[in-house]
Amino acid sequence: MAHRTITVLPGDGVGPEVTEQALEVLLTVADLYRHDFTVHRRLAGLAAIAEEGVAISDETFDLCAGSDAILFGAIGSLPAEQRKNATVRPEQALFRLRKDFQFFANLRPIRPSRSLYHASPLKPEYLDGTDLIFVRELSAGLYYGHLDAAIPGKPSEIRRTERGEEAVDTLLYTEQEIERVVRAAFDIAAVRRGKITSVDKANVLSSSILWRRIVDRIAPDYPGVEYEHILVDAAAMFLLRDPARFDVVVTENLFGDILTDEAAMLTGSIGMIPSASLGVRRTEAGVFGLYEPIHGSAPDIEGQDKANPIGAVLSAAMLLRHSLGLPDEAAAVEAAVEEVLADGYRTVDISEDGAKLVGTRELGKRIATAVRRP
Ligand code: NAI
Ligand code: MG
């Protein structure tokens, strides 16, 4: 019996709809395996701005800090007309969590389910054997420009010159920032199929040249792991041409953002992909982390019971594995997802002729019911 604390931040848009299902699955696991999970449910993003005036309150933040893990839904942006002069923005919640907790390694597994080959634009023979995981650097690079713009040497701005406007973003990585994410990726490869692909743009970017050097320097510490460097444009091509060639893919923040949306299509829907953002603090049985599906708030389907909850449910499985130290329970959740898909149940994004079309709630309930203790 394990005592664990989870802070749940459903967010807005379809976030609350899919998170509800993920939470139900976690509570089913607690029940079946006799664990004691304390769950704090709090606001973040648009809902928090409406109720509390900030994207995430200090109280909520402190609750997260005292938890073993954070289960996150999604947060949307302010409507364009409100964005212009807004000082409080929903996405500040995620940036604060990522930055302050130093969630530097973002894990995104891509494993197309045989039951969903029809939903992928690729032919089945290209999908066979595909089982890869991205390790995307999440704490530095271009994304932090607007947060770090006040730091000398890291400009991020649009400015006026004599020739008209110009804009600058800064892609800056320190040696330490590269090293910690690359080591995390090698650690993962060592317990998978023992292969790492490091993706960069070393033919043009200085940050990539340093990245490549550090990978070369770390690799000898992992004699059982085979590694290669490839350029990001070639990586985009190989993801479609031969996705099964990849095991662990490690890359910087922006490349990882773009390539993982592309890779998500191998599984048929962005609603299928979970993620774990892991930091530096150890919990009782794992690493403190934030878990969320990779999709956004999906305003076009919000409130319609249409969102695919599987990305959120599989994020809960990653939470069990990486932060709570419960790998058997994580595997039981993953098996339940496969079982429900093999039985033909689908949300509309992954549906086909003859499938059993169900809503977010029913798919979630069916997954929870399929979780078994061996
Ligand atoms: P999105 O991921 O919300 O939606 C893209 C498309 O995928 C839409 O057609 C949507 O209906 C569909 N989709 C997304 N999740 C789905 C699910 N679970 N099941 C079925 N279909 C699903 O990306 P978009 O439209 O670019 O962004 C919407 C908002 O979300 C923006 O405000 C954006 O800033 C925010 N966002 C938030 C993220 C987060 O909270 N981590 C990540 C990405 C975007
Ligand atoms: Mg993205």
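Positions of Cβ are set from backbone N, Cα and C atoms, glycine also.
Note that this is a predicted model, so its numbers are computed, not measured.
Here is what TrEMBL records for this protein:
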- 5-367: domain 'Isopropylmalate dehydrogenase-like' (DOMAIN)
- Arg98, Arg108, Arg136, Asp233: substrate binding site (BINDING)
- Tyr143: site 'Important for catalysis' (SITE)
- Lys201: site 'Important for catalysis' (SITE)
- Asp233, Asp257, Asp261: Mg(2+) binding site (BINDING)
- Gly296, Ser297, Ala298, Pro299, Asp300, Ile301, Glu302, Gly303, Gln304, Asp305, Lys306, Ala307, Asn308: NAD(+) binding site (BINDING)
For Asp257 (Mg(2+) binding site), which of the binding-site residues Arg108, Arg136, Gly296, Ala298, Glu302 has the nearest Cα in space?
Arg136
Can you go through the binding-site residues Arg108, Ala298, Asp300, Gln304, Asn308 and pick out those with a C-beta less than 6 angstroms from ligand 1?
Ala298, Asp300, Asn308
Could you pull the average pLDDT for the domain 'Isopropylmalate dehydrogenase-like' (5-367)?
95
When the Cβ positions of the recorded positions Lys201, Asp257, Ala298 are compared with the atoms of ligand 2, which fall under 6 Å?
Asp257
Translate the DSSP assignment of Arg108 (substrate binding site) into the three-state scheme.
strand
If I take the alpha carbons of Gly296 (NAD(+) binding site) and Arg108 (substrate binding site), what is the distance between them in whole Å?
15
Distance in Å spanning the most remote Cα pair of Gly296, Ser297, Ala298, Pro299, Asp300, Ile301, Glu302, Gly303, Gln304, Asp305, Lys306, Ala307, Asn308, given for NAD(+):
16
Excluding Asp233, Asp257, Asp261, please set out which residues of the same chain place their CB within 8 Å of the center of the CB atoms of the Mg(2+) site, keeping sequence order.
Val232, Ala236, Leu254, Phe255, Gly256, Ile258, Leu259, Thr260, Glu262
Who sits close to Arg108 (substrate binding site): which same-chain residues at least 6 apart have their Cβ under 8 Å from its Cβ?
Ile133, Phe134, Arg136, Gly256, Thr260, Ala263, Ile273, Pro274, Ser275, Ile294
